[in-house]
Every structure is written in structure tokens, then in C-alpha cells.
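A.B. asks: My questions will all concern the structure given below.
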């Protein structure tokens with residue numbers, strides 16, 4: 001039973017929820033039933049069919065509608081006398097600024113990507129508002145509390161780097177099915193249906209000498225060309241000619257199994273319409289699906305090479321006949337059935353060429369979309385823990401704040417393991433004044449590289465302002481004059497040393513995000529060469545070190561997320577995650593171990609960890625794959641072979 005102090009704090013609190021998905025639905029319900037009277041929800045998503053098995057506030061009739069608004073209406077039917085304000089919007093919009101966050105007593109996160117989490121963390125720090133983070137992956141979950149100056153912020157521990165693969169492995173020497181998925185999704189699909197102006201590592205030159213001068217890009221769709229002929233030309237080029245080109249380099253295959261070229265004539269009849277009577281029917285059906293056209297019903301079936309070839313050609317045909325207006329602007333979406341069919345088929349044909357086992361569409365979708373298991377019960381448990389910590393925050397019961405971890409298997413006879421929060425990390429580049437330095441080739445790297453790979457990807461800024469002394473090199477904003485927009489756009493394409501205020505070794509750049517009220521100085525150090533495999537960005541940021549990814553244990557992330565784990569060696573758990581046809585909602589950390597008491601921190605006994613190793617701090621990192629990554633690198637987990645071995649009933 002809640003005390004009078006708790007009831008008073010609950011009724012008088014103004015709460016902001018960010019996210020109305022798996023955790024968010026449970027959280028909103030729990031807040032309402034706990035007596036909270038003033039709740040605000042921000043969520044930019046609409047309801048999908050795949051949400052319905054665990055986001056219980058939604059029904060089939062709600063598909064396509066705003067999650068925040070439908071969740072509000074559902075809860076108000078149970079608690080009509082409370083105030084719930086929904087925002088169908090992105091939390092990164094300018095209206096949700098520091099002043100907006102200052103209106104709330106506590107912020108509760110149930111987000112689905114690292115970028116938005118970092119953004120909310122910074123707004124909470126700037127507004128000095130407590131943040132309760134949460135996340136689940138399958139049976140695992142956690143709730144963490146973050147208060148400015150008292151506990152570590154969400155970014156006090158660097159998040160593990162996503163798994164990356166050298167482009168040469170993807171384009172020339174794949175050895176795992178995941179390599180084939182990345183090739184099909186990020187190279188072939190992007191080349192055929194995405195932005196034609198983007199650079200691509202596919203070999204685009206035709207093997208037809210007669211046409212090579214007239215049509216240098218074999219992927220170009222010629223006017224009045226038969227769509228099946230075009231599809232076969234693409235097929236023969238990427239699965240036949242390109243493989244033969246790769247085989248011509250004999251040195252590559254001295255210690256590897258040689259791939260075999262595959263041409264359409266080897267696996268398909270001359271006219272597909274003669275082989276399959278459903279294909280013409282597929283042209284006029286409203287269900288734009290290659291599987292539907294070809295009569296393939298079970299997504300868990302592993303298609304033969306011939307079936308994959310038919311799906312490949314049929315999916316390509318449907319894109320050009322039914323979705324022609326979208327071509328040139330498409331990016332892969334795991335919820336786009338036709339895109340998933342195309343990528344699955346292309347990956348399987350390539351896998352067959354390289355002697356790699358084929359996978360079903362169900363498995364391939366999981367790999368391509370970084371999809372993992374979600375459990376409604378875990379979401380409900382985590383939502384309850386969020387509310388418990390929120391109440392402690394509201395009554396300022398700092399001695400009893402806990403970071404609580406929901407485990408898949410009992411540890412010390414417990415499935416819920418509470419631990420005391422960490423004190424702030426004095427080396428944190430977000431909530432401390434830690435200096436940063438950047439090694440970069442100032443003559444080769446452009447300002448655009450710096451903005452995309454460092455300012456946005458590493459530092460998580462959304463509306464950056466970059467200055468050298470009093471000179472503004474780059475700025476983003478709706479109120480900029482057109483001539484300034486043009487100047488900054490031109491600066492993006494210049495090498496750092498060629499900017500109006502040249503950036504050279506010894507230069508100090510000031511980078512700010514005015515919306516986040518976050519600013520850092522970066523010391524520039526010129527460096528000539530970088531290892532392309534180990535340092536693919538061609539830049540090295542220090543003063544903030546990302547932990548290495550364990551190549552053997554890299555796992556995908558799932559529904560509800562954060563990112564530190566610190567289980568003692570004898571307590572560490574192997575999270576077994578099944579792949580399901582569901583979107584990833586948030587990110588998980590598993591953490592226990594020795595924690596400094598928060599009461600000790602408040603007494604001014606915060607130790608200086610700056611000289612200690614990560615191991616000494618007992619803050620091991622969870623390997624994760626960032627679902628919202630916008631880098632140019634190719635990223636994916638490399639352990640899907642074990643993850644996709646589901647138990648089938």
C-alpha cells in the first residue's frame with residue numbers, strides 16, 4: 001500500500017513518456033492504474049499488424065493510426081478522469097526543447113533506437129529533469145535511473161560499436177549468409193531501387209562489349225525493354241559475370257573455396273510465363289507480393305535455387321510494374337514485403353554461388369531487419385519497475401534508487417536483480433567536461449565526413465553548429481537565410497584544410513547542438529594514413545573510447561534498450577534470442593556486480609576512476625547492433641546462424 005507521501009507525489013506529478021510501443025503500452029496502463037493524473041506521451045510511430053501480439057492497447061482496427069493517440073484513448077476508457085496528452089511526433093523535433101522538458105517532474109523512456117535515447121538524455125541533463133531508462137530483449141530487461149550530478153547519465157559508458165564488415169568481404173569473399181544479406185540489401189537493392197546518385201561498390205560495367213560503350217551501367221533500365229529481359233540481364237550480371245570477374249583473380253582463391261557463376265538460363269526456362277501460370281495474375285492483383293504471385297505460402301520454407309530465382313525476377317518485375325513511382329527513392333524496409341522477398345531471393349542466390357547454406361524468408365527478414373524476440377510479460381515487469389523507480393524519484397528517496405535487471409535464468413536465486421546506481425563518470429563527454437581530440441587527414445577528409453561520422457554518428461548531435469573561433473563553418477536551422485544555406489552546403493564538400501577558416505593540425509573546433517544545449521571542443525590532429533579495416537571512417541575520436549565488439553558473441557538487440565552490462569564472470573548469462581517477425585523496439589543491458597552506493601556519492605566520497613581500466617570499473621559492455629545506424633558502413637550481427645535455429649513445435 002502506498003504511503004500518503006507517495007500518493008501525494010503521484011497525484012501532483014507531471015510525467016513525460018517517450019515511446020508508446022511494447023514497454024510504452026504497459027507503462028501507460030501501469031501509470032494510470034497507479035494514480036498518476038497528468039501524463040504526456042511522445043511517439044512518432046503508427047500501429048502495425050506485428051505490434052498486436054504484445055502491444056495490448058491496440059486492435060486490428062487501429063492499424064495505421066497513431067500509437068500515442070490510440071494508447072491514450074484506450075486508457076481513458078478505463079481511467080476517464082485523468083489527463084493524457086499524446087504527441088504523434090518525433091521527440092527530436094524542435095518544439096520538444098529544454099524548456100518543454102523542464103515542465104515535467106520525471107521522464108520515462110521506452111524508445112527504440114540509440115540516437116533518440118541519447119537525445120532525450122541530453123535534454124534531461126540540460127533541463128535537470130530525472131530520467132528513468134528501460135529496455136527489454138526477450139526475457140531480459142532493465143530499468144536504470146539517471147539524475148544529473150548524482151548518478152551516471154545514459155551516456156556515461158560508451159555504447160558498443162556496431163559490427164562492421166570490410167566492403168571487400170561483402171563484395172568479393174562472403175563466407176556467411178549475413179554477408180549475402182548485407183550485399184543484397186545495402187548494395188543490390190540500393191542500386192536498383194534507391195538513389196542513383198549515391199556511390200555503390202557493385203561492379204556496374206556490362207560484359208557485353210557491343211553495348212558497354214552505349215550503356216556503361218548495366219543496371220540502367222532501357223526504354224521499351226522487356227521487363228523479364230531486364231531482370232535476366234541483372235541476374236546474369238550480378239550472379240554470373242561478376243562472379244567470373246572475381247574468379248579471374250586466382251590469388252584470392254588459393255585458400256578459399258571458389259564460387260560458381262550462376263546464369264538464369266541454367267536454372268530457369270526461357271520464358272517464365274510458360275513455367276508458371278500465376279505470374280500474369282500477379283500483375284493485376286492488389287497484393288504486391290512475389291510470393292503471392294508464385295503461390296509460395298510458407299515464409300519458413302527454404303526455397304530452392306530455382307524458386308529463389310523466380311522470386312528474384314518476379315519481385316523486380318513487380319517493383320517496376322506496380323511501384324515504378326517509388327524507384328529512385330526506396331530504402332530497404334523490413335516491413336516492406338516485396339523488398340524482403342527481393343533481398344531474401346538475392347541473398348540466397350548469392351549464397352548458393354558461394355556454397356553458403358540457404359535460409360528461409362522468415363530467417364532472412366530477421367537478419368536484414370535486425371529482428372529479435374519480444375516477450376509481453378517482460379515488458380509488463382519492466383513497466384512496473386519503471387513506475388517504482390519513478391515514485392522514488394518523485395519523493396526524492398535517493399538512498400533507495402535501484403538499477404534493476406530482469407534475467408532469463410535465476411542468478412543468486414533471483415530473476416530480478418537490483419543494484420545500486422553508478423556515480424557519474426568523470427570521463428563522460430556528455431555530462432562532464434572531458435576534452436576530445438580527433439585524428440584526421442585534414443587534406444582529404446571533407447567537412448561532410450566530419451559532420452556525418454563524428455558530429456552526428458559519434459556525438460549524437462541533430463542540429464549542429466560548428467565554429468572555429470568566431471567563424472561559423474556549418475549550421476543547421478529553419479531560420480537561416482538562403483545565401484547562408486548555400487555557403488554551408490558548399491563548405492560540406494570542401495576538405496577541412498580548404499575551408500574559409502582552414503582546419504589544420506592544432507585547430508580547435510567548437511561543436512554545439514542548440515536544441516540539446518550541448519557543446520564540446522574538439523582538438524584536431526592531422527594524420528596521413530588510416531587502416532581501412534580497423535578505422536573505416538578515416539578518423540579517430542579519442543577522449544571517449546568505444547569498447548571493442550566481441551566477434552564471437554555479438555548479438556542483435558531487441559525490444560527496449562540501454563547499453564551497459566557488468567555481470568561477474570561466474571554470473572554471466574548467455575541470452576538465447578529467437579528471431580521473430582516483429583520490429584525491434586528498444587535495447588537491453590544486463591548488469592550486476594559491485595556498485596558504489598549512491599549515499600556514498602552524495603556524501604562527497606566519489607572516487608576518481610579516470611586512471612582505472614574498464615575492467616577495474618567492472619563496467620563491461622553489452623555487444624549490440626544499432627538499429628538506427630545512419631553511417632555509410634555496412635553493419636550487421638555475424639552470429640545469426642545460431643540465432644535462427646528456432647525450436648519448431
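Yeah, the Cβs are placed from backbone N, Cα and C, and that goes for glycine too.
No curator has checked TrEMBL annotations; they are predicted automatically.
The ATP binding site annotation in TrEMBL covers 19-24, 43, 51-54, 67, 112-117. What TrEMBL lists as compositional bias 'Basic and acidic residues' is 611-625. Annotation comment: TrEMBL describes 4-429 as domain 'THIF-type NAD/FAD binding fold'. Per TrEMBL, the feature domain 'Ubiquitin-activating enzyme SCCH' maps to 325-365. Taken from TrEMBL, the feature region 'Disordered' covers 527-574, 588-631.
Show me how these features fit into the shown structure, please.
C.D. replies: There are 27 other Cβ atoms within 10 Å of the Cβ belonging to residue 112 (ATP binding site).
Along the domain 'THIF-type NAD/FAD binding fold' (4-429), the predicted structure has mean pLDDT 88.
For the domain 'Ubiquitin-activating enzyme SCCH' (325-365), the DSSP-based tally of helix, strand and coil residues reads 24 helix, 0 strand, 17 coil.
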A.B. asks: Residue list, the domain 'Ubiquitin-activating enzyme SCCH' (325-365) vs rest of chain: Cβ under 8 Å, 6 or more residues beyond ends.
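C.D. replies: Distant contacts of the domain 'Ubiquitin-activating enzyme SCCH' (325-365): 48, 50, 174-177, 180-181, 183-186, 188-190, 192-196, 235, 238-239, 243, 257, 259-262, 288-291, 299-303, 305, 308-309, 311-312, 315-316, 318-319, 371, 579, 581, 583, 640, 644.
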A.B. asks: Mind telling me which of the binding-site residues 19, 22 has the densest Cβ neighbourhood, counting other Cβ atoms within 10 Å?
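C.D. replies: That would be 22, with the highest Cβ count within 10 Å.
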A.B. asks: Whose Cβ, among the binding-site residues 43, 53, 115, has more other Cβ atoms within 10 Å than any of the rest?
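C.D. replies: Checking each of 43, 53, 115, the winner is 43.
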